[in-house]
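Listed in TrEMBL:
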{"type": "DOMAIN", "residues": "21-207", "note": "domain 'YrdC-like'"}
{"type": "BINDING", "residues": "Thr43, His75, Arg129, Ala149, Ser189", "note": "L-threonine binding site"}
{"type": "BINDING", "residues": "Arg66, Asn70, Thr125, Ser151, Ser159, Arg203, Tyr242", "note": "ATP binding site"}
Amino acid sequence: MSYKQTEFWIVDKFWEYEKQRQFIKDAALWIKKGEVVAFPTETVYGLGANALEEAAVKKIFEAKGRPSDNPLIVHIADTSQLSELVEEVPQVAQQLIKHFWPGPLTIILKKKQSVAESVTAGLDTVAVRMPNHPVALELLRDAGVPVAAPSANLSGKPSPTSGEHVYHDLQGRIAAILDGGQTGVGLESTVLDCTKDVPVLYRPGGATITEIEAIVGPIKVDPSLISKEEIPMSPGMKYTHYSPNGSFVLVQDQKKLVRLLAEAKASGKRTGVLTTEENRDKYEADVVVSCGKRDDLRSVANHLYESLRKFDLEEAEIIFSETFPNEELGIAIMNRLEKAAGGQIL
Ligand code: TXA
Ligand code: MG
């Protein structure tokens, strides 16, 4: 379905509370009527539809151009909604929920029949999370149903961290966008399978392994996150993602990066570099984008996708990127950068 006009509602001005309250109610009404709307969460923007209605969920896949074998995360506002979605909540999951929700941890559990088939892409499990964002929670409460929502970008593009990003990708393809300003974490939630004896990490994200292990002890990591030879347990992790239009290459060594940039420039290409505040003066490139401070990886996570999008706006043809330490939030940052680079690291 195409929409002549996608409603664009700004909801981050506290002095316009009543008006914004109405926008959120209107968005919830769209969801109740089986349409899709984009909304802010603490991680990235989501594209939501009623998770119990097959036809509504299908519209999400259509709007994004998402492969149908890639399951969605179901968003809830209250833990009491879990009983509509899953058979049981094992004890580890209960501990994690108590500690992390609302927040950037998605938990995979055994699903109930009521969940629309296309939400789970035919799997017998369902991914669930409670977002930590006032607009998302209000929308979920008003809608009164669990809401399936992937990130609100066109499939393959960086996830949206502002209402403008969503508008750029999906205007004319969805009913409405709730613009709550820039998101906080900036990377997607951590996805953890809690149907096994020991929880398994499928996607690193806003909640770090250290934080999770502090609550439930040692967890396992999907082997595909360590070796490129393995097939990911989580269908979405096998797709290339987040890529700018130009070619995108990760370079570990700074001297090498400087040399590669000079070579690319000499060959007449429009060059880009993804760097950090500490290093931004060290490079000669047509498009220099700093994604944050190295000594504050939260700032890097927060600006990463916005930074990747800038290379397209500035039409960079070849982009070299710095790398980050593979620890704490750096694990999620490197996971996204490696995907953007299609695994290419020099
Ligand atoms: O932060 C987030 O998680 C954002 C916001 C909007 O909540 N959502 C998000 O959704 O990132 P999406 O669709 O872009 O990513 C969902 C990931 C995919 O990699 C998908 O394959 C995986 O979760 N997933 C969903 N259900 C699953 C299941 N039952 N088993 C394994 N993986 C699953
Ligand atoms: Mg996504």
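Glycine is no exception: its Cβ is also placed from the backbone N, Cα and C atoms.
In sequence order, Pro104, Pro131, Thr183, Gly184, Val185, Gly186, Leu187, Glu188, Ser189, Gly205, Gly206 constitute the residues six or more apart from Thr43 (L-threonine binding site) in its chain with CB-CB distances below 8 Å. Take the mean position of the Cβ atoms of Thr43, His75, Arg129, Ala149, Ser189, the recorded L-threonine site; other residues of that chain with a Cβ within 8 Å of it are Thr41, Gly46, Ile73, Pro104, Thr106, Pro131, Glu188. Around Asn70 (ATP binding site), a 10 Å sphere centred on its CB holds 17 further CB atoms from the protein chains shown. Between the binding-site residues Ser151, Ser159, the minimum number of other C-beta atoms within 10 Å of a residue's C-beta occurs at Ser159. Thr125 (ATP binding site) sits 15 Å from His75 (L-threonine binding site), taking the C-alpha atoms as the reference points. Remark: Arg129 (L-threonine binding site) has Ile73, Val74, His75, Ile76, Trp101, Pro104, Leu105, Thr106, Ile107, Ser189 as non-local neighbours, by Cβ distance under 8 Å and separation of at least 6 in sequence. Remark: Tyr242 (ATP binding site) has Gly156, Lys157, Pro158, Ser159, Tyr305, Leu308, Arg336, Lys339, Ala340 as non-local neighbours, by Cβ distance under 8 Å and separation of at least 6 in sequence. DSSP assigns His75 (L-threonine binding site) to a strand segment in the three-state reduction.
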